[in-house]
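Marked as domain 'Acyltransferase 3' by TrEMBL: 13-335. Annotation comment: TrEMBL describes 20-38, 58-76, 97-122, 142-164, 171-188, 194-213, 220-241, 253-271, 283-309, 321-340 as transmembrane segment.
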């Protein structure tokens, strides 16, 4: 393949792998976090496990960067083609909502049945926000806590849809959004977690990576990807990244974290274009199941922690407990993908609108 060109319709396998790695890193983060809860025995992994798991939330940033790239890659040809809006919206809806609604409803039903706690809002605003993934209240209390990231995802999808209706309008809205994020974060010092949050900047990194992918020569891939890894390793130990909750108040650090993921994504996508890449099937499965893993892992971790605490298993060996719960939670997500998410998505997509062809690998 010639340099600087994109092979249409050919999925980038390294992106699937990166999606899987992002989901697994979030699982590791939540295992360490949930294990430490007093009601589960207050276990704290130590050593390098704690050091790595405590930064596992970086996977959220990576997910957003990947999303910006994937949406641009999958729908660049649809920009300024209003007739494609229905196709675009259907693809986004069928990718996000059916599986999410299934897991969300199961979670709420289990909570009201006494399995777990009702630690979420049950007002109409909270539930409407939960099911639509739109902010009907300023700070919705969501049953599936990880769904806070999906609020950002759906916001990005809606804004990108404007570019499909009109290229110039889309460019103006995206530019205004970028400026609003910067003003809100750096001048107003806002802690708002809505459309002006610094978390949204990661989508711009992803879109920028796509534009660079279209233009840069393939041979730059490995140097760029390697630079991204070194930069991530250099940034990770910073005290600013010890808490995910603090990030909205640390916009410079949150902005800086997008740079290595931009470089890693761009670098390895270019490298694959030059050298080819055939990942092993476990890595592909993790990528394919990344959404289900993300949605169900917290519930799986909580159940396993309850079992370990109730039967006093491994209470003196937190690292051993971590190494059991971590892969078990990942496996639970993979099973949820094959048993629920994939069959449900296939069923829903049988009724796709005419012309809504789905690009393999970027669904």
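Glycine too: its Cβ is placed from the backbone N, Cα and C atoms.
If you look at the transmembrane segment (253-271) against the transmembrane segment (220-241), you find at least three C-beta pairs under 8 angstroms, all six or more positions apart, and that counts as contact.
Listed by sequence, the residues of this chain that lie at least six past the ends of the transmembrane segment (220-241) yet keep a Cβ under 8 A from its Cβ atoms are 55, 58, 247, 250, 253, 256-257, 259-275. Here the transmembrane segment (142-164) touches the transmembrane segment (283-309). Their Cβ atoms form 3 or more pairs under 8 Å, with each pair 6 or more residues apart. Listed stretches 20-38, 58-76, 97-122, 321-340 were compared with the transmembrane segment (283-309); the greatest number of C-beta pairs under 8 angstroms is found for 321-340. At the 8 Å Cβ threshold, with sequence separation of at least 6, the transmembrane segment (20-38) comes into contact with the transmembrane segment (321-340) through 3 or more pairs. Residues 6, 60-61, 64-73, 76, 135, 138, 152, 155-156, 174, 177-178, 180-181, 183-185, 247-248, 251, 254-255, 258-259, 261-262, 265-266, 269-270, 273 of the same chain sit 6 or more residues outside the transmembrane segment (194-213) yet have a Cβ under 8 Å from a Cβ within it.
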